Amino acid sequence: MSVLLREVVGSVRTPRAWRCRVPVVNSQLRMSGTVRRFHFSRPVFNGVEAVKLPSTYEEEKVIIDEINKELPHADLDASKRMRNIGISAHIDSGKTTFTERVLFYTGRIKAIHEVRGRDAVGAKMDHMDLEREKGITIQSAATYCSWDKEDTAYHFNLIDTPGHIDFTIEVERALRVLDGAVLVVCAVSGVQSQTVTVDRQMRRYNVPRVTFINKMDRMGADPFRAIEQINLKLKTPAAAIQVPIGAESELKGVVNIIDRVALYNEGAQGETIRSAEVPEELKELVEEKRALLIETLADVDDEMADIYLEGEEPTVEQIKGAIRRATIGRKFTPVLMGSALANKGIQPVLDAVVDYLPQPNEILNTGLEVAKSGEEKPINLLPSSSAPFVGLAFKLEEGQYGQLTYIRVYQGKLKKGSYMTHVKTGKKVKVARLVRMHSNDMEDVNEVGPGEICATFGIDCASGDTFMGANSDQLIAMSSMFVPEAVISLSIAPKSKDNGAFSKAMNRFQKEDPTFRVKFDPESKETIISGMGELHLEIYVERIKREYGVECITGKPQVSYRESITAPTTFDYTHKKQSGGSGQYGRVMGEFSPLEGDNKFSQHIVGGKIPEKFLFACSKGFEDCLEKGPLIGHKVLGVHMHINDGQTHVVDSSELSFRTATQGAFKQAFLEAQPVILEPIMSVEISAPNEFQGSVVGLVNKLGGMILETVNGQDEFTVTAECSLNSMFGFSTSLRACTQGKGEFSLEFCKYSQTSPQLQRELIAEYQKALAAKK
């Protein structure tokens, strides 16, 4: 585990049941595991106190029930009628189309418009011109709406997220602040690569979900195969709570198998739901799937297990209660089905959100209370309007009135005109304007309470920062979202001399998007941008042109390699610089070894041979070396440096001496430890019509990829493979050529793996040549 306990903290990896507590200045800590909910018993890892997670939702619920006993009735009632949900899925599964129907059926919009701007309008939630042109969601978009169920109006805060892996940070930040989600799965393609990624993200933030199998009107739709894949690939117990009436072009509606009622969408746009008896030809299937639902629930819910074992027939209320408990407990996902494009099956999903997803006070949210002495302790946040305000800034956008900051309120109220404290800086900021977002439209409000999502202007902050009420005696910090590492880079420069607008764009975009990195290379004198993929960087280059009027010249995309070692070695390095007057002297000795995962620095000095302040300088020297390896100048991964001895000079030793000595020892030991270059390996999923299967498999083999799985459908096949990112440049052109433009693919970072010896030699030679040219 590599931890830098100062202003900057990198990815911290710990045993799964533990997550590190860090000083409040590190409120933007990037976490590689669950980041939101934790409990109280606290051992220590490398001097960093950790907090144990409740092992089950039942343990969380004990705390939640105690909190709810203290809440005022008004807060309980407001929370009962509120749901915070996200819509997530693999690209092109129909998320935005689904969201458009949700907004229409809840009365939030007056007309339905389709993705890609086919009618010159485009879907409401895809408000960027680039989104409408490309037909994909690039930024998550927030809105709110109301849904009436059984004469009660429920308030939904809803976020539509991108499906493309290049924009995965939008999913991360949405799930960080949401209480539940609707996972959309294609009835034809089933569980795809990004579905697996979204599932992993939901688990990371403990977000329960209901699943909607979309595109039931398409040829080859098979909802029960998709449910089987959810069980097998996502390892999530799932069962249908509906069966379709008809399929493909004959899709007419769905049967709710819990209460055995057929539901038909009628009206020009499916706005009317007509209930009827179950068609005779479906009664046997309904009973079969109902029995399977009860059996699955008996495996994940104790109350249903008792009913099942006693041979009793559960009531509708008992089945719904079991589904709700198991779903909120993250043990089960109920599956609904329909077609968003055909306007069928959407309203029952809204009912399922009310019935099965949690209200804000059913989720345990926790922060770190920081005392004036600096001592930190976990504290449970109270979803009460009378408690001191606590909110998390989870998304930034540049609006026409300045920076727009999205905030999730966890505790207390936020009022227009009030002041709040930025926990990281201690500054008090005024909430001059408070709005609720409806995609790119804003609606002013005077105050928002616990569980709400809002936005405000003119606040200088970063994603993941915590805010508190200005008059609060407490200081509470909340953990941020997980930020993945960039895998691709390219050089960029403005064509014109308009460096002011170019710099402004760079600063804005890297502030809004933590996965978009900008750095200046002092050797090449170039600005380097890094991101999650070719499309990710391509979008930003286009946005610089459109939003700032700056055309840019870009270099060839470069892979973000890593440097590592494969054998242990020892080091004994002396840094000596004496040329009259005060000199420099530092000697370090120890061991250098490969390590799986992140980097680690440790020391064990007996007898005070190296003073503590010099040891800290050694750790800083180690951190410096990790940024630029000796082989090709890329970041270092998977090394453990342990200092166990050393020597000082009474006059010439200093922090700089030992920092420099450590850097020299690092380089010397690294080159002796059988160094290797690691390249990013991508998980690739390719779909195309069956007649092109041979061509696609041949293309993957030509790229040196390893095929993991091939699934043949009625009309299409899907190949899952692992390929090096280096071989994937220009892949979209090759795939179009061999499938006549009918193939699709998606990429996701999988792991780092050793390059071939030939490629390693070529990369080193190229790097050495570039260095020589600069001399």
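Yeah, the Cβs are placed from backbone N, Cα and C, and that goes for glycine too.
The transit peptide annotation in Swiss-Prot covers 1-45 and rests on sequence analysis. Swiss-Prot lists 80-361 with the feature domain 'tr-type G'. The feature GTP binding site is assigned by Swiss-Prot to 89-96, 160-164, 214-217.
Secondary structure from DSSP puts A89 (GTP binding site) in a beta strand.
Mapped onto three states, the DSSP output places K95 (GTP binding site) in helix.
Note on T161 (GTP binding site): other Cβ atoms within 10 Å of its Cβ, all shown chains, come to 28.
In this model, the domain 'tr-type G' (80-361) carries an average pLDDT of 90. Within 10 Å of the C-beta atom of D92 (GTP binding site) sit 21 other C-beta atoms, taking all shown protein chains into account. Around K95 (GTP binding site), the same-chain residues six or more apart in sequence whose CB sits under 8 Å from its CB are I87, S88, A89, T137, D160, T161, G163, V184, listed in sequence order.
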